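Heads up, the thing below is written out as structure tokens.
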């Protein structure tokens, strides 16, 4: 069994969200989907809560972030606004971030696509947050799509959807996931041998 977050995350490298979805509903972030062509996302959550309309806390989150982090950004009721675009993507790539998740929107979508950066959001919008100087919060539990997400949680996303799992939950499921994956590979092989 993995003994730390990095090795736990590495153990999910080959796991699809649909495989996890065969075993549990817990942690599924309904309505938050990949907005970019780069749809595979795996990393550890770093939570950010924004004040209304204010993207200021994201700057501090980027400064404090570590390689492999996924910024998970709670927009509160301002989900029609984009809190993420091209310039923040460039800063995130310089820091080695794995991607971002938000219950708000992204903007500059062509540029973010061209940078091959995974961005999971509720949609795309030209209406953005502003630099209003608010504090917000970092590394406190937030709720997205009815799921409580904490810094350090395992974030797993692909074209089928998005999960946030506590390290304890991720560790609980990993053996069953690997077994399920092996079983599915066997079934694919069997079904491939069946002729119409």
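Just so you know, glycine gets a Cβ as well, placed from its N, Cα and C.
Source: prediction; values computed, not measured.
If you check TrEMBL, you get these features:
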BINDING   108  Mg(2+) binding site
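Following the DSSP three-state reduction, the secondary structure of residue 108 (Mg(2+) binding site) is coil.
All protein chains shown were included, and the count of other CB atoms within 10 Å of the CB of residue 108 (Mg(2+) binding site) stands at 19.
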